[in-house]
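A.B. asks: When I checked TrEMBL for this same protein, it listed these features:
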- 1-36: DNA-binding region (DNA_BIND)
- 27-36: compositional bias 'Basic and acidic residues' (COMPBIAS)
- 1-36: domain 'HMG box' (DOMAIN)
- 15-36: region 'Disordered' (REGION)
Amino acid sequence: MNAFMVWAQAARREMAQQQPRLQNSEISKDLGKIWK
């Protein structure tokens, strides 16, 4: 697993809790923007 995947696991959980209406695809896009 690369560094992004490790970071994204925790960040995805947190974002999903904060914004439960977001679909997984939207969360993935947002995580990609934050990572850059």
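Cβ from N, Cα, C; glycine included.
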A.B. asks: Under the DSSP assignment, what numbers of helix, strand and coil residues are found in the region 'Disordered' (15-36)?
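C.D. replies: Breakdown, helix to coil: 16 helix, 0 strand, 6 coil.
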A.B. asks: Across the whole of the DNA-binding region (1-36), what does the mean pLDDT come to? Round it, please.
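C.D. replies: Value for the DNA-binding region (1-36), mean pLDDT as a whole number: 96.
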